[in-house]
Structures are given as structure tokens and as C-alpha cells.
Amino acid sequence: MLNRVEQELALLGITNVKEIVYNPSYEQLFEEEMKPELEGFEKGRLTTSGAVAVDTGIFTGRSPKDKFIVLDENTKDTVWWTSDEVKNDNKPMSQSTWQSIKELVTNQLSNKRLFVIDAFCGANKDSRVAVRIVTEVAWQAHFVKNMFIRPSEAELANFTPDFVVMNGSKVTNPNWKEQGLNSENFVAFNITEKIQLIGGTWYGGEMKKGLFSLMNYWLPLKGIASMHCSANVGEDGDVAVFFGLSGTGKTTLSTDPKRKLIGDDEHGWDDDGVFNYEGGCYAKTINLSEENEPDIYRAIKRDALLENVVVREDGSIDFADGSKTENTRVSYPIYHIDNIVEPVSKAGHATKVIFLTADAFGVLPPVSKLTPEQTKYYFLSGFTAKLAGTERGVTEPTPTFSACFGKAFLSLHPTQYAEVLVKRMEASGAEAYLVNTGWNGTGKRISIKDTRGIIDAILDGSIEKAEMGSLPIFNLAIPKALPGVDPAILDPRDTYADKAQWQAKAEDLAGRFVKNFEQYATNDEGKALIAAGPKL
């Protein structure tokens, strides 16, 4: 096998490899990460939890400005390219620039001792992608071993990669200015050559989200919904999917002791049902506590990999310390969560589709039931809002409209994802709900306890029996009471001492929705959806 891997690397331009560490065990990776001679960002540190912690330097998140896709015959008419009217992260790269950065990365990886991980992206055999990740850094190999689906011995014996990720995080591009790139760092994709190149950034998530962007290209073209969501399944086989941007509660709310986890971030939905793309979870750890998120807290043990957390001198972790970044993370193999779908992370068709939003404006209700038209409207809008800054007195919310709750990872036009999703929902008779995990008129965030109560009411069907009212401006159907949920919060107007305050904020937010949706009003279908949005 090693000879074959070496030959395949040589075909990519990676030559004179000193040694190939092929699909190492967790034990082996631990020893590699703990080597005393390691320096800088290669160095792992053992924590009292048993998990290894690493730092990724200035790159504590993705570098969307450094993302490029090679423009060629195959991609010119399919990719949703960035434009002056609608900006996105899919910037075109020329063939000649690609050749030049490919040489940089292959030169960097040549004459080295390399880690090669072969794994799958996609739990469904019909549509899964065989991925090979090549890196010179042990913990990066550990990260992808955690995050992708680990093949069996038999699958490895016949493994032929469909796609290769070459991680050259130690190399930067000196010619970036002449080539019209954003910086010396790059995250580039060649869909025709089936290769991803990484240079300059050490952030682990570039490998995970890179493959997600590719699944988002290939699968919808085959009629399979590709979704930035978490998913779980109840005892009766009822499947729920939770869409949402980072920090809205996807991982937290789908990790539920009463239901089995399918996955926490990326899924497909085909003729057989919903399936995970990944073999692990990548959870945020800022302010993590055993009390609020017991399953995630307990998943942080040997074989988990922490990124950018603050480790105290005694090796314990200070989860509340966001001094390196608010985006502290842990990756772990999915089986670190007790309650998962086994042996394959897939289940039947979804009957509940939940859109999570964290509305910092304090306008949206904690839960509303959507009509089919509203489902399309709120899916394409992909709204959430953050509270800016941690300085005292600065509480100005910043709205984010991210198409399909994952604009950064969409390789095709957003309407293609909406179309496939709605088709799948219609076929399974799925209902959609908008759940606000953010703030209300009290100035406080809606409690996890109330949000869990809302999710329970959606999943056990009690929301269907609730008497409904309507929220003006947004025309959303809201329940008047739900078991286990504080009734005072269900209508957001009731959380304000003065309802006129809600009205003013609601008009402001509605205006932002209307403005954002103008980009979809370029055809008849888009124009027809405007009626499902807020009315001023």
C-alpha cells in the first residue's frame, strides 16, 4: 500500500518523501504530537482532560478572503461566482496562478516525512467522496482523522482517492500581489483536478469546511440536498434537522439525551434519507460547562483535539478565557458522544426542519411555525445577529444574512439549495419552524432551558396542538402556550415594558430583511416569495 501511496503522491508532484506515516492510530498520533522537539504551532500540549491542545496562531478561524476556485470550462457556468452586485467567497483563480501555488505546496511537502490520512466524506456509500489528506503536521492528521469518516481495513486496502487535500500551512505565496490574490495565504480549489491547496493558515477548519464546499457543489447537481445543519433521530425514527449559523445552537440543541445524534454540522438528504458527511464533531468551547452541555464537556478526553483554548499551568483548561479567540474549538470522533446513530451516521427522511437564529435585535419570537413560502424566504435569508464587542455599553447588534444558513460554503447559487430542500420536504411532509435562540426585550438571552422546551414541543408534536396567534409585520404564527416554556416570552412584544419599543425595532429589522431579499427578486419565483417576508 505504501508504495502505491508514494507513487500517487509523486504523480501530484510530491517527491523524495522521507517517510509516509499512513493512517496512524490515535496512540501513534498522540506520541507524535507530544514529541519534545516540536516547536511553534506543531507542538501539542497535554491537558488534564486527557485531550491534546494546539494553537493555530493568528488564524483562529477560516480565511474567507483567501478562498479561490479555479475558473475553467467546468466551473465557469456552475459556480456561484462573486460579483459586484452580490459578494460571496467564491473568487476566481486562473490556471497559471493555480500551477504556481500548487508548485509551492508540492515543493514544501517534498523531501519530508508526511502524514497521509485516507477517509470518506459522506456516510452514504452511493454519494460519498474518498478523500486523501496530505500534511507534514501530526495534529492536522489527528484533526482530519477525528472529523472525516474512518474507513475499515478492507476499505483502506482498495482505497482510491476521489479528492486530495494538500495542506502546506508552513508555506506562503510571495507572488500574491502580481497574481491579484488577497494575501500571501491561500485556500484554493481546483474542482476539475479534484485538489484543495492550503498555504499559510494553520486553522484546522479549512480542511473540514473545504470538503463541505465541495459536497455543496457535487451533491445538489445530483438532486441531493446539501445542508449546513445538525440532525438527530427519535426513538420512533422521526428525524429532525437544525439549520443555523455558527453560535446559534446547532451542536448544543441536537445533542439531546432523548434522541440519537446523526451529526452536528454537515448533512445530505437523498432518496434514502438524511446522512452525515462527517465522522466527528467540531464544537465551540467558549464558556463550556458540564452543567449546560454535559455531552460535549464529557467528549473532551483522550483523542479529542482542542484548538486555541487557554491551558493553565497545571494543565487544566479555562473555558471562559477567550483571550486567544472567542472561536475556541474541540474536534472529537463522533463516538465520544454516547447517544449516536450506529454503525452508520444516517437515518430516514426528516419530518421537522428547524431554522435557528440568534436575534440580537430582540424582535423575533422564540418559535414560529412557517408556511412553505415562508420556509423558502427564511432559508434564503439565513438571518442571525450578533451583539458587537464586549466593551461596556456597546450593545449595537450586527445583522448577518447568510443564504441557506451557510453562504460561506455555498458553491452553487442559493436558490439551487432551496429548491432541492423544499422538494425533499414536500416529499416527506416535513414542517418548518423558525426558532430564535437570541435575545428579547428583557435584554437577556432566551434561556437554554426554554429553548430546549420549545424544541421538545416541536419534536413531540405538542406545538401542533397549541393555540396560535400572529405576530404583526412579520406575519409569523406563534403559539400562545407550550409545555415547559415560560409563556411570558412566546410573544416578543410582551417582553418589552413599552410595546412601541418592539414596534420600532421590528420595523428596523423588517427593512433589513426586505433590502437583503432584493437580490432574489430578479426572477418570478423570487418576486413571488416577497409576500412571505415582513411587510412594512
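Just so you know, glycine gets a Cβ as well, placed from its N, Cα and C.
Over in Swiss-Prot, the protein carries these features:
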| type | residues | note |
| --- | --- | --- |
| BINDING | Arg62, Tyr203, Lys209, Arg329 | substrate binding site |
| BINDING | Lys209, His228, Asp265 | Mn(2+) binding site |
| BINDING | Lys209, His228, 244-252, Glu293, Arg329, 445-446, Thr451 | ATP binding site |
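Mapped onto this structure are the features recorded in Swiss-Prot.
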residue : record                 : CB count, 10 Å
Tyr203  : substrate binding site : 25
Lys209  : substrate binding site : 23
His228  : Mn(2+) binding site    : 25
Gly244  : ATP binding site       : 27
Ser246  : ATP binding site       : 19
Thr248  : ATP binding site       : 22
Thr252  : ATP binding site       : 24
Asp265  : Mn(2+) binding site    : 27
Arg329  : substrate binding site : 23
Ile446  : ATP binding site       : 26
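Over all protein chains present, the Cβ of Arg62 (substrate binding site) has 20 other Cβ atoms lying within 10 Å.
Separating the Cα atoms of Thr252 (ATP binding site) and Asp265 (Mn(2+) binding site) is a whole-number distance of 11 Å. Lys250 (ATP binding site) counts 27 other C-beta atoms within 10 Å of its own C-beta, drawing on all protein chains shown.
Checked against Arg62 (substrate binding site), the binding-site residues Ser246, Lys250, Asp265 differ in C-alpha distance, with Ser246 being the nearest. A separation of roughly 12 Å, to the nearest angstrom, links the Cα atoms of Thr248 (ATP binding site) and His228 (Mn(2+) binding site). Checking Cα-Cα distances from Lys250 (ATP binding site) against the binding-site residues (Tyr203, Lys209, Asp265, Arg329) with a 10 Å cut-off leaves Asp265, in sequence order. Excluding Arg62, Tyr203, Lys209, Arg329 themselves, the residues of that chain whose CB lies within 8 A of the CB mean position for the substrate site are, in sequence, Gly61, Gly204, Gly205, Glu206, Lys208, Tyr282, Asn327. DSSP assigns Lys209 (substrate binding site) to a helix. A Cβ within 8 Å of the Cβ centre of Lys209, His228, Asp265, the residues given for Mn(2+), is found for these other residues of the same chain: Lys208, Phe212, Glu266, Gly406, Phe409.
For Asp265 (Mn(2+) binding site), the binding-site residues whose C-alpha atoms fall inside a 10 Å radius of its own C-alpha are Gly244, out of Tyr203, Gly244, Arg329, Ile446.
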